[in-house]
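Enquirer: So TrEMBL lists the following for this protein:
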- H375: active site (ACT_SITE)
- 57-78: transmembrane segment (TRANSMEM)
- 98-121: transmembrane segment (TRANSMEM)
- 133-154: transmembrane segment (TRANSMEM)
- 235-256: transmembrane segment (TRANSMEM)
- 276-304: transmembrane segment (TRANSMEM)
- 359-379: transmembrane segment (TRANSMEM)
- 385-404: transmembrane segment (TRANSMEM)
- 416-435: transmembrane segment (TRANSMEM)
Amino acid sequence: KADLMRQFDTQVNEFMDSLIEESASLGSSHVSTVFPLSDKEKSKLSELFEVNHIRTIYHMFIALLILFIFSTLVVDFIDEGRLVLEFDLLVYAFGQFPLVVVTWMCMFLSTLVVPYVLLSVWAGVYPTSNHRALWTVLAGSLLLLYQGLCLGFLPTYVVLKNGLPPASCFILILEQVRLIMKAHSFIRENVPRVLSLEPNKASKTVPQFTQYIYFLFAPTLIYRDKYPRNPCIRWGYVATKFSQVLGCLFYAYYIFVRLCIPQFRSISMQLFDLRAMVLCVFNSILPGVLVLFLAFFAFLHCWLNAFAEMLRFGDRMFYKDWWNSTSFANYYRTWNVVVHDWLYYYVYRDFLWMTQKRFRAAAMLVVFTVSAVVHEYVLAICFGFFYPVMFCLFMCFGMVFNFVLNDRRKGPIWNVIMWTLLFLGQGVLICLYSQEWYAQRFCPIQEPSFLDLLKPRSWTCTPQTNTAVDAH
């Protein structure tokens, strides 16, 4: 009872502190953004893994990885008469990695310099200038031009021009999206400070350059001058998290080698029919769910916690207990808190502010649209074809489930329904995108028209037109 009362008292104090901070921020500026960061919050899995019963589930996944490795070694030994440890799929997926590093360095250094310099120059001129609107339009135009050309066009051009393989593509394109979101947050949070200054009164409103550098590396998309900090760095913890990321990478490799490639390589040789599609979707649920868990654990838990530890970043609430969700509305809020907060504050709330809080449904639609477009853009560029499965799932089923399976749905049955639909969605994604991947390689078009680029190749690719193209 004493521990429970202390915990309750701590939570009440944190809640009151956040309310005071919000009130102060709202009083100083009507466009300021409030993002209270809880002090030294642990990730949910870090707390759960302290319980032996939950940690056993983690051990079960390790045991499954060992079985995947063992089965692959045995099959390769039977087929080849020797142990095969070449990992050719990983080598292919991360091909042209030096080009990826060089391109990322250009992206990062430009993000490090251009937004900060533009903000500094504009903030130095704006308070004392008689042509404020002109300077604002000029600085804003230069920022949009930079984001469109350097952060928008350059990485996409490098990916498409050099035909980068999937994993290398994902590194560049996801970093492209991350840096654009970071730059927007930095500008969005600091412009109101300059606008709130009285005319002809200069003041130091631009953050220090070191604060901006820290923000670019910090595992958050919301800029703040200061963040909760831990007193020390646990380098053993950092090494453990990075080793878990590496383990998840090999885990995904064996999932694709044992569960995906054999199935879809044979399916691509068959006629497209309803029976094959249904079997494909249900056979893809297991690898799809495993890939979902691995992506969540590797990035949202291990990768972000490793960087948070190295930077002594105190707030580890990168996700919440999304697995307990009884509605898709709660799932969307808790699956990826880092991205959700950015969408909430800079898309949803800013849209409501611009429309004077009159179109909440439209604001939610804009959020779904932005998220769906970005997800589909990433997949289209990285896979090298346009097949808007993710976009349709977001805009159609995602929107419907958000309203139908809302927060009023409580009880275990709704959690079962949420998991069932989530599993089915992963099966659809893995099945359709894998079919299209092989169709693009087995049924190539030498000079495709614009309509050919929009039409899924898997719908018309038949065994009679297949070419013997070896593809991963």
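One-based numbering along the chain as shown.
Glycine is treated like the rest: Cβ placed from N, Cα and C.
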Enquirer: May I ask for the residues of the chain that lie six or more residues beyond the transmembrane segment (385-404) and have a Cβ under 8 Å from a Cβ within it?
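Expert: Residues 328-329, 332, 364-365, 368-369, 371-373, 375-376, 379, 421, 425, 428-429, 432-433, 436-437, 440, 453-454, 456-457.
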Enquirer: Considering only Cβ pairs within less than 8 angstroms, which of the stretches 98-121, 133-154, 235-256, 359-379 has the most against the transmembrane segment (57-78)?
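Expert: Per the Cβ count, the answer is 235-256.
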Enquirer: Which residues of the same chain, at least 6 positions away in sequence, have a Cβ lying under 8 Å from the Cβ of H375 (active site)?
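Expert: Counting only residues 6 or more apart in sequence, the Cβ neighbours of H375 (active site) under 8 Å are M390, F391, F394.
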Enquirer: Is it the case that the transmembrane segment (133-154) and the transmembrane segment (276-304) touch, counting contact as three or more CB pairs under 8 Å in which the residues of each pair are 6 or more positions apart?
Expert: no
Enquirer: By Cβ distance under 8 Å, which residues at least 6 away from the ends of the transmembrane segment (276-304) in the same chain are close to it?
Expert: 43, 45-46, 61, 219, 241-242, 244-245, 248-249, 251-252, 255-256, 259-260, 263-264, 267, 270, 316, 318-319, 335-336, 338, 422-424, 426-431, 434-435
